[in-house]
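A.B. asks: According to Swiss-Prot:
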ACT_SITE  ASP79  active site, nucleophile
BINDING   PHE26, ASN128, PHE328  substrate binding site
DOMAIN    154-302  domain 'TRUD'
Amino acid sequence: MDMANLTWLHGQPQSTGVLKANPEDFVVVEDLGFEPDGEGEHVLVNIRKNGCNTQFVADYLARFAGIHARSVSYAGLKDRHAVTEQWFCLHLPGKETPDFTQFSLEGCEVLASARHLRKMRIGTLKGNAFTLVLRHISDRQDVEPRLQAIATGGVPNYFGSQRFGRGGNNLVMARRWANDEIRVKERSKRSFYLSASRSALFNLIASRRLANQQQHTVLEGDALQLSGRGSWFVAKPEELEALQQRLDAGELMITAPLPGDGEPGTAGEALSFEQQCLLEQPELMALLKRERVDPARRALLLQPKNMHWEWWDDATVELRFWLPAGSFATSVVREIMRQDSSDADISE
């Protein structure tokens, strides 16, 4: 998916710059949101890795512990070309905890380990703390007010380009699958292609909403979330004024759909708007319905927390912030500057 065609919240950046001149410029630390239980048949292992992708480390951990690869899980994928502190979960019923002082893998260091009662699954994560270094910035005078605007007003909650695969290949394959040009039997590929389809449709609708300058306006029938919560409710006509006040106060968030086969969660004006957008992508919608993908909702805007920055010089800034799981750091960077390296990304 071409991220360049999506609407900006703070206008198109004028400055250019470089993200990830080296892996140390992109540091991600997982925030579990809980402490390990200290007992149980699972072992949580926190590993700092540089130059290794998530699945490669998971497979190595399985061999190290003498267990099947399926017995190692994690909360989400992390980019290879970055420094990441990530938790892995080893299922070791009736087995001793491995001696992680003997763990040796180039680019990796075990930081901590502890027993836990429950398996770590995809999404078992509160969020991620990021430290990014943006280099070769061409216009500090354009970037500085953008940083201030993002700290207070957030960014569009777009899925980053990594969701769509290298060169957007996951979306290309999803379209071919939708048109019956290929058969997709492998479970992981089916998941990737369906996820790319939903993400592309979310980005489309979110972008249209921003283009209409309605990102801060409650529409009749909107699906609204309590800030920081997953459930939503529909805005009724007689409640619009009160709901608008709550949105303005930061209590509520407008959502956009992750479409699927089922009720979209909106009504009235909001439903009509979303359906009109989805008419532009009939292939992807047909695929999601055919594969019985459950619909969901996602916040339209993303507010980085604990955001602060330090200019090292007029062309280099270090940026720190926290994002909830499932959000993309490059959706923040995209509002700051134009840059070529868009794959150093994921916060899932």
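Quick reminder: no glycine exception, Cβ is built from N, Cα and C everywhere.
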A.B. asks: I'd like the Cβ neighbour count for PHE328 (substrate binding site), meaning other Cβ atoms within 10 Å of its Cβ, all protein chains included.
C.D. replies: 24
A.B. asks: Select one residue from PHE26, ASP79: among these recorded positions, choose the one with the most other Cβ atoms within 10 Å of its Cβ.
C.D. replies: PHE26
A.B. asks: Taking just the CA atoms, what is the gap between PHE26 (substrate binding site) and ASP79 (active site, nucleophile) in Å?
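C.D. replies: Answer for this pair: 9 Å between alpha carbons.
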A.B. asks: Could you tell me the maximum Cα-Cα distance in Å between the residues recorded as binding substrate, namely PHE26, ASN128, PHE328, rounded to a whole number?
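C.D. replies: Result: 13 Å between the two most distant Cα atoms.
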A.B. asks: Count the residues of the domain 'TRUD' (154-302) that DSSP assigns to helix (H, G, I), to strand (E, B) and to coil, and report the three numbers in that order.
C.D. replies: 74 helix, 22 strand, 53 coil
A.B. asks: Taking the Cβ of ASN128 (substrate binding site) as the centre, how many other Cβ atoms fall within a 10 Å radius?
C.D. replies: 26
A.B. asks: For the domain 'TRUD' (154-302), what's the model's average pLDDT?
C.D. replies: 95
A.B. asks: Work out how many Å separate ASN128 (substrate binding site) and ASP79 (active site, nucleophile) at their Cα atoms, rounded off.
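C.D. replies: If we compare the Cα positions of ASN128 (substrate binding site) and ASP79 (active site, nucleophile), the gap is 13 Å.
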A.B. asks: In Å, rounded, how far does the Cα of ASP79 (active site, nucleophile) sit from the Cα of PHE328 (substrate binding site)?
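C.D. replies: Counting only the Cα atoms, the answer is 12 Å.
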